[in-house]
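Features as listed in TrEMBL:
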- 6-32: transmembrane segment (TRANSMEM)
- 22-294: domain 'G-protein coupled receptors family 1 profile' (DOMAIN)
- 44-68: transmembrane segment (TRANSMEM)
- 94-114: transmembrane segment (TRANSMEM)
- 126-149: transmembrane segment (TRANSMEM)
- 169-195: transmembrane segment (TRANSMEM)
- 243-263: transmembrane segment (TRANSMEM)
Amino acid sequence: MSIWELILAFVVVLLMLVALLANVLVLLCFLYSADIRKQVPGLFILNLTFCNLLMAVSSMPLTLAGIIYKSQPGGDHICHAVGFLETFLTTNSMLSMAALSIDRWIAVVFPLSYHSKMRYRDAALILSYTWLHSVSFPIVAASLSWVGFHHLYASCTLYNKRPEDRTQFMIFTGVFHALSFLLSLIILCFTYLKVLKVARFHCKRIDVITMQTLVLLVDIHPSVRERCLEEQKRRRQRATKKISTFIGTFILCFAPYVITRLVELSSVVHINSHWGIISKCLAYSKAVSDPFVYSLLRHQYKKTWKDIINKILKRSSINTSALTSESHNPNTSQLNE
């Protein structure tokens, strides 16, 4: 193995371990907190978490084996199953992010009618559509034998080995990425820009009230005035940072891989195999960033996993203190003897 292949193999191992740890932590928070389970967005996050976990235990290990051995890992049946699953999971995770953005859009733009427009039944219908949408493309690809080991990405994925099917495969690939990546990106941009518009409007209203209050309070200390102005600035930047993170991570992780898949269809451009694996790793990195972007960095999830850790530490300290008191109790020691 070359130094580049060793680095790429290390990156895949790191992505796999972090994705497993982070997504398992999100799943534990969901199971532990009744408040999280009551929220409708929790269904979308749960679906996204399962997609990321399955990606980490199916596609990533085979890509690691493909990098190490430079050939198809396992038999054809295993590779076809993993390629089918990878296509389904990638599409499902993209549409789950779009569903989360729609939920935020309704909650912010239509707050009074949110509970009537986004109920558990509505979320279940949206998830049903994402599953039907996601499973349709791998079914078509598998029926036409367009799933296999692709040396450019060192992974089992969409792949056409027959030159006579080149035109049909090009059309299929274009439609697939248009209705998965591009559709999700359009929904993300539309919904989050609407959310940003409303957030900025509310920030302006709060800023006006704050400035009027500061003018009236002539005896206010300069340090307090400065803190109020700093809080205004942070408030304006907070929504922009969050929305930039949602859209930016989606583009950064998926766009290089999608563009590479489309450019690959042209026989004119030669794509380096190292770049193919790097673009694949970027797509895998979404399974790492999603738990932090959508869950673990939020206040409710932070509080939940801190409660879990405190509960575990409290139990261990209670057990330790019980063992210590037992060892110092002479009656207990005599009984044990």
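Cβ atoms are placed via backbone N, Cα and C, with glycine included.
Whatever TrEMBL says is automated annotation, not expert-curated.
Away from its own ends, the transmembrane segment (94-114) comes close to residues 40-41, 44-45, 47-48, 51, 123, 126-127, 129-130, 133-134, 180-181, 183-184, 187-188, 190-192, 194-195, 198-199, 246, 250, 254, 290, 294 of its chain (Cβ-Cβ under 8 Å, at least six residues beyond either end). For the domain 'G-protein coupled receptors family 1 profile' (22-294), the model gives a mean pLDDT of 87.
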